[in-house]
Amino acid sequence: MNKKPLAIFLMGPTASGKTDLAIALRQTLPVEVISVDSALIYKGMDIGTAKPSKAELELAPHRLIDILDPSESYSAMNFREDALREMAEITASGRIPLLVGGTMLYYKALLEGLSPLPSADPEIRAEIEAKAEQIGWSGLHRELLAIDPIAGKRINPNDSQRINRALEVFYITGKTMTELTAQQGDSLPYNVLQFAIAPQDRAVLHQRIEQRFYKMMELGFQQEVEKLRARSDLHKDLPSIRCVGYRQMWEYLDGDISLDEAIYKGICATRQLAKRQITWLRGWNSEITWLDSLDPTSSKLKMIEKIAQNSIKL
């Protein structure tokens with residue numbers, strides 16, 4: 001039986017030092033970096049996403065950044081397909097894929113595969129919405145309870161979006177959302193070493209986030225969002241503009257809040273994102289080696305030692 005090739009996950013909350021550590025590893029190990037970040041995929045969104053600088057990218061080129069226009073959408077399934085392709089290319093060249101980022105849903109999709117849920121069907125969605133106008137979303141929720149009791153109990157009767165999706169899946173496939181999500185996708189054909197980096201003191205992370213946000217403002221974050229807002233095809237409901245920081249700055253430019261409020265809300269939203277990322281990592285089912293952001297040298301050595309223990313020739 002062929003031995004699975006090695007892949008490395010370097011996960012962690014925003015502002016935890018993932019990029020710096022990835023660059024350090026790139027100077028030592030035969031690795032190629034793949035970004036695992038739902039914001040870095042967008043072109044023209046450099047400052048607010050803390051995208052690696054030109055100098056950093058010269059030291060450690062990142063795959064899967066700047067691959068989409070902000071008007072486009074991107075799913076976990078899209079990421080899995082793209083990442084697997086990039087990983088295969090890297091492995092074929094005799095190097096090791098190093099996947100770096102904080103979008104935990106992408107890691108989960110890559111590691112475990114995806115349930116075979118169908119793509120959205122605009123016609124069926126329109127039919128469901130027309131029916132909702134007749135009997136209300138509460139009526140459709142009762143219909144969902146009859147079709148898929150488990151999903152119906154989990155979904156709030158006022159959550160029209162999720163009710164619509166659950167019914168849409170059933171109308172398209174003839175199977176319930178519960179049935180389909182129980183079907184696991186293909187697992188990742190790699191021997192994966194998983195690392196997570198974060199400061200042991202949460203207050204340090206909060207301080208880093210605040211400092212980084214003010215630094216982004218100095219670098220021209222407001223002007224970056226102004227440029228995006230000047231485009232007629234972009235609006236605040238797009239996934240790209242819903243990224244933390246961008247949404248709050250957009251609200252300021254719309255005149256809904258003051259600049260100070262936008263900065264404060266942006267910092268708070270980023271801290272909340274970091275909290276969700278850490279919570280997800282704490283509940284991660286797979287084995288993770290934790291690294292301390294405040295000791296990057298030790299973190300690098302710890303990763304190298306772990307890789308060596310797995311009989312990988314460096």
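Just so it is clear, glycine is given a Cβ too, placed from its N, Cα and C backbone atoms.
The ATP binding site feature in Swiss-Prot is assigned to GLY12, PRO13, THR14, ALA15, SER16, GLY17, LYS18, THR19; the stated evidence is sequence analysis. Feature annotation from Swiss-Prot assigns substrate binding site to THR14, ALA15, SER16, GLY17, LYS18, THR19; the stated evidence is sequence analysis. Feature annotation from Swiss-Prot assigns region 'Interaction with substrate tRNA' to 37-40, 161-165, 242-247, 275-282; the stated evidence is sequence analysis. Among the features that Swiss-Prot reports, site 'Interaction with substrate tRNA' is placed at THR103, ARG125, with the record citing sequence analysis.
Shown here: features listed in Swiss-Prot, placed on the structure.
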residue: GLY12; record: ATP binding site; Cβ within 10 Å: 25
residue: PRO13; record: ATP binding site; Cβ within 10 Å: 29
residue: THR14; record: ATP binding site; Cβ within 10 Å: 21
residue: ALA15; record: ATP binding site; Cβ within 10 Å: 26
residue: SER16; record: ATP binding site; Cβ within 10 Å: 26
residue: GLY17; record: ATP binding site; Cβ within 10 Å: 22
residue: LYS18; record: ATP binding site; Cβ within 10 Å: 25
residue: THR19; record: ATP binding site; Cβ within 10 Å: 22
residue: THR103; record: site 'Interaction with substrate tRNA'; Cβ within 10 Å: 19
residue: ARG125; record: site 'Interaction with substrate tRNA'; Cβ within 10 Å: 15
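Secondary structure at GLY12 (ATP binding site), as computed by DSSP, is coil. Put simply, of the recorded positions THR14, ALA15, GLY17, THR19, ARG125, the one whose Cα is nearest the Cα of THR103 (site 'Interaction with substrate tRNA') is THR14.
When Cβ-Cβ distances below 8 Å are used as the criterion, the region 'Interaction with substrate tRNA' (161-165) is approached by residues 120, 125, 128-129, 132, 137, 140-141, 144, 155, 177 of the same chain, each at least six residues removed from its ends. Take the mean position of the Cβ atoms of GLY12, PRO13, THR14, ALA15, SER16, GLY17, LYS18, THR19, the recorded ATP site; other residues of that chain with a Cβ within 8 Å of it are GLY102, ILE197, ALA198, SER293. Using a Cβ-Cβ cut-off under 8 Å and counting only residues 6 or more beyond its ends in the same chain, the region 'Interaction with substrate tRNA' (242-247) has close neighbours at 38-39, 45, 48-49, 213, 216, 221, 225, 228, 236, 266, 269-270, 273. Across the fold, the C-alpha of PRO13 (ATP binding site) and the C-alpha of ARG125 (site 'Interaction with substrate tRNA') stand 35 Å from each other. Distance from the CA of ARG125 (site 'Interaction with substrate tRNA') to the CA of GLY17 (ATP binding site) is 42 Å. The separation of ARG125 (site 'Interaction with substrate tRNA') from THR19 (ATP binding site), Cα to Cα, is 41 Å. Between the CA atoms of SER16 (ATP binding site) and ARG125 (site 'Interaction with substrate tRNA') there is a gap of 40 Å. Looking at ALA15 (ATP binding site) and ARG125 (site 'Interaction with substrate tRNA'), their Cα atoms lie 39 Å from each other.
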